[in-house]
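*Asks:* A single structure is presented below for examination.
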């Protein structure tokens, strides 16, 4: 039995919702702390890289289904953001900052992928 369900059966949607609430608040706090008014969406990049690392650890470590639902689907799902990544990319491009748009796409792809690879190594999967 996982620590998340030690007190009794918790329905899967409740696990996802609870994790999602924490992930959404975490995303807001990290984004607020990192974004300092510049045009480069550093907060979005940060949450995507950190979330990818956490989801990578969750994927490569032996954890139970309840933990996967709470942390992976709930917390990481709400913490990371593909929609904000997409909007920020288009806004940079349409705003004439095409180099920054390309850098943003490259940074998200390379750093988030690298974070998952690092998680795999740390978890002993690679």
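Heads up, the Cβ atoms here are built off N, Cα and C, so glycines get one too.
Pulled these features from TrEMBL for this protein:
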type	residues	note
BINDING	77, 80	Na(+) binding site
TRANSMEM	12-30	transmembrane segment
TRANSMEM	42-61	transmembrane segment
TRANSMEM	67-90	transmembrane segment
TRANSMEM	102-125	transmembrane segment
*Asks:* Do we see three or more Cβ pairs under 8 Å linking the transmembrane segment (102-125) and the transmembrane segment (42-61), pairs being at least 6 apart in sequence?
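*Replies:* These two segments touch.
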*Asks:* Just name the most isolated of the binding-site residues 77, 80, going by other Cβ atoms within 10 Å of its Cβ.
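*Replies:* Comparing Cβ neighbour counts within 10 Å for the binding-site residues 77, 80 gives 77.
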